[in-house]
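A.B. asks: Annotation comment: TrEMBL describes 29-154, 185-319 as domain 'EXPERA'. TrEMBL lists 6-25, 32-51, 71-98, 110-130, 136-154, 187-208, 237-256 with the feature transmembrane segment.
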Amino acid sequence: PAAVAVTGALVLLAVLCMVLVLGGGSASHDPLYYVFTVFSFTSVVDLVIALEQDGYIQGYMDFYLQEGEPYLHTAYGIMICYWDGIIHYLLYLAMVAAIDQRKSYRSLGLYWLGSIMMSIIVFLPGTLIGKYSSEIRPAFLLNVPYLLLPIWAGRRLFRQPKPLPCSTADKVAEEQRKGLHQRPLDLGLILFLLVAGAFTLFRGLVVLDCPSESCFNYMYQYEPCLRDPVAYPKVQMLVYTFYFLPYVGLCIYGLVWPGCTWMPDWALVFAGAIAQAQFSHVGASLHLHTPYPYRTPEEAWGSVLLANSLYALGPHLLAYRCLRSPGFFQPPVSGPRPPDKKRQ
């Protein structure tokens, strides 16, 4: 196991050195170019791991899984490898191309930031407290850069200049004067957030062993994966409860009162986070690597998929609304001043 960890670290260091040598010129002005390039290499490795676990290829990463990170054998580990190997990989390519062409990639970066941070804050605690906690090897430390570098990258992304507003001051003032009854899309988003908040709180109570009959029935009839000893689903629901639920309340406030300038950025971050979380959670609950007693029953597939798909769709609609018409979230604009009678 120690040799596997050292080899993995040396491979990453070698890839970084190659990028530093070959990636000069127009890309050297932004250090995130090197972060995204190295992470794209690890994304391909994760995709190979996922494909090998599902039997599409064989003979590449089995030794690493046995001696390095055996918890990636789990259904949740396979799902996060698929997400990293496909979605994150495409985001890395797009952002590297944008950096090379000196174009803005702020929106893509914020979406990626939410996605990768959600992945790591569920994966690391779930591994430490789940049934694989006794099989943690030195290669587990290779996940530390996935925690530290996104934090540093997030600070740089938030400091990048925002796109210039396309609305005039008059249009912004007019948009901010509209009542909620004049904004049906915002009203629909508020209703969704209320339902999503209630669903989040309910599933949080389920994993906290609430003695209610409805919680017991839901766990055994719809999402028995919530009692899986690998602990990833339980940690996911707790992250939803302690992070997404307060965000829901803040978003409702931001959709009612104008001038919440933080809404567009954080809507992108949480859209990426929820997308990654729902893909991994739902995919793992249906995957064959999940033991049968913890797998979603076939008769509940329709309702579980519908509820979780809507749960993931809502934050994306909110992000689309914030980016499509950001005038309501810009700093409040004072109305036109009355004409000066003395000058008249």
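The backbone N, Cα and C atoms fix where each Cβ goes, and this holds for glycine too.
Curation does not apply to TrEMBL; its annotations are automatic.
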A.B. asks: Kindly state the mean pLDDT of the domain 'EXPERA' (29-154) in the predicted structure.
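C.D. replies: Looking only at the domain 'EXPERA' (29-154), pLDDT averages out to 90.
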A.B. asks: What is the three-state DSSP composition of the domain 'EXPERA' (29-154), stated as helix, strand and coil residue counts?
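C.D. replies: Summed by class, the stretch gives 103 helix, 0 strand, 23 coil.
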A.B. asks: State the non-local partners of the transmembrane segment (237-256) in its own chain: residues 6+ outside its ends, Cβ under 8 Å from one of its Cβ atoms.
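C.D. replies: Residues packing against the transmembrane segment (237-256) from afar: 118, 121-122, 180, 186, 189-190, 193-194, 196-197, 200-201, 203-204, 206-208, 226, 262-263, 266-267, 270, 273-274, 277, 318, 329.
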A.B. asks: Cβ under 8 Å to the transmembrane segment (187-208), counting only same-chain residues 6 or more beyond its ends: which ones?
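C.D. replies: Distal contacts: 180-181, 214-215, 218-219, 223, 226, 233-234, 237-238, 240-241, 244-245, 248-249, 251-252, 255-256, 307, 310-311, 314, 317-318, 321.
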A.B. asks: Sort out the residues at least 6 away from either end of the transmembrane segment (6-25), same chain, that have Cβ-Cβ distances under 8 Å to it, and list them.
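C.D. replies: Answer is 33-34, 37-38, 41-42, 64, 68, 138-139, 142, 145.
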